[in-house]
Amino acid sequence: VSPGCRGAQGRFAYKLLHDLFANYSSALRPVEDTDRALNVTLQVTLSQIIDMDERNQVLTSYLWVRQVWLDAHLTWDKDDYGGIDSIRIPSSYVWRPDIILYNNADEHFGGSMETNVVLRSDGHIMWDSPAITKSSCKVDVSYFPFDGQRCRLTFGSWTYNGNQIDLRNRRDSGDLTDFVENVEWEVLGMPATRNVITYGCCSEPYPDITYTLLLRRRASFYIFNLLLPCIMVSFLAPLGFYLPADSGEKVSLGVTVLLALTVFQLLVAESMPPSESVPLIGKYYIATMTMITASTALTIFIMNIHHCGPGARPVPPWARRLILHHMARLCCVYEVGESCKSPPRALGGQGNRGDAGGPWESPGEGEVGSEAGVCPRDHCLCHHDDLLRNVGYIAGCFRRHRANQRRTGEWKKVAKVMDRFFMWIFFLMVFLMSVLVLGNAA
């Protein structure tokens, strides 16, 4: 196009703008018949999800909103103006439908940007305006971090009813061709529906277009930072039963694991809304903390059994039969709690015989009796009554000491068998809870 033609186009555009808006008012609805509704077509393009605030239930998104309508007062014959078919003018020059986001949650209530509109010769106006919107969204965190959300964006006229503006959606879904992928949320779709609602304040119908944004959370971040550490820490709790009771660290391990899970629980609670629906990972934390509390309480109980002193009662027959025989064989516990002070095998016969005798019998009494015919009683110093009484007292103390050792060793056997039994029980519980969490997430 030659420079002269461009100059002519500019003069025609200036003349067209002057002629169109000489007697035009942007305050009135641009229809020839005021009894007829003005058709407004709406199309929303989702460009980016900026933020999803689960705690405050607010979705911040970047949208491109396109509105198209017919202005009966802004038409011209393009042949009279050098073939100009369309012009771009500021949107404040023309009448604009007051289409707003009904579920807006922005405290400043920022609307669309003041961009230009495209005005065609047949009177059709196309207004594309970008907008950063904050909309309220009912967040359901029951399956966090494997949850999906349905956030609605409802657009409609604030003052014009359905008899004045007939709002239509251009497509059956929002436009996602220019969507910038979000690191936390995956967009599954954005279907659009047209609703006609009669509110309690007014008798006229009010149409609106509702876009339902279908979101699914990308759970990889939460799996590696919240779920896997919790599972690994949970498997430490049953190992507290495997620690020797004399180490003094069994209760400390359970309390440390409980504090670690409490920290993870607080991290999840800070980002979740204070609602009655507990998230799935929160239920897992509560169940694991309950299990660890029970394991710590059982550890204290078993340590009390392990440290039974010499004055403890003997192991009941039912406990000896159930725990030391059946449960020990089931948990593969053999030769548990044998004392290093057990007498040698060569002295076993004498020890057994001494245990079966009375409190004043001793191994030396048999020898005295065997030598009675060789050593006369009146001439042997070992037959004095005082010495025999002292020897019998020493033998009784030794016999009682061995009985206390056997009783203490049996209680230690009972404690170790119970430790092994509860260790496998709690390992199974942790495994089942982890499988249930992953199964519910699937």
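Our numbering is plain: 1 for the first residue shown, then up by one each step along the chain.
For all residues, glycine too, the Cβ spot is worked out from N, Cα and C.
For 348-357, the entry in TrEMBL reads compositional bias 'Gly residues'.
Positions annotated as domain 'Neurotransmitter-gated ion-channel ligand-binding' by TrEMBL: 14-218.
The domain 'Neurotransmitter-gated ion-channel transmembrane' feature in TrEMBL is assigned to 226-436.
Per TrEMBL, region 'Disordered' is recorded for 345-368.
Feature annotation from TrEMBL assigns transmembrane segment to 221-244 (among others).
The transmembrane segment annotation in TrEMBL covers 251-272 (among others).
Per TrEMBL, the feature transmembrane segment maps to 284-303 (among others).
For 421-441 (among others), the entry in TrEMBL reads transmembrane segment. Long-range neighbours of the transmembrane segment (421-441) within the same chain, counting only residues 6 or more positions beyond its ends whose Cβ lies under 8 Å from a Cβ of the stretch, are 143, 146, 219, 227, 231, 234-235, 237-239, 241-242, 280-281, 283-284, 287-288, 291, 295, 298, 302, 327, 330-331.
Non-local neighbours of the transmembrane segment (251-272) in the same chain are 54-55, 141, 144, 226, 229-230, 233-234, 236-237, 239-240, 243, 279, 281-282, 285-286, 288-289, 292-293, 295-296, 299-300, 303; each lies 6+ residues outside the stretch with a CB under 8 Å from one of its CB atoms.
Sequence-distant neighbours of the transmembrane segment (284-303) (same chain, 6+ residues past either end, Cβ-Cβ under 8 Å): 227, 230, 234, 237-238, 240-241, 245, 250-251, 254-255, 257-258, 261-262, 264-265, 268, 278, 415, 418-419, 422, 426, 429-430, 433-434, 437.
Mean model confidence for the domain 'Neurotransmitter-gated ion-channel ligand-binding' (14-218) is a pLDDT of 89.
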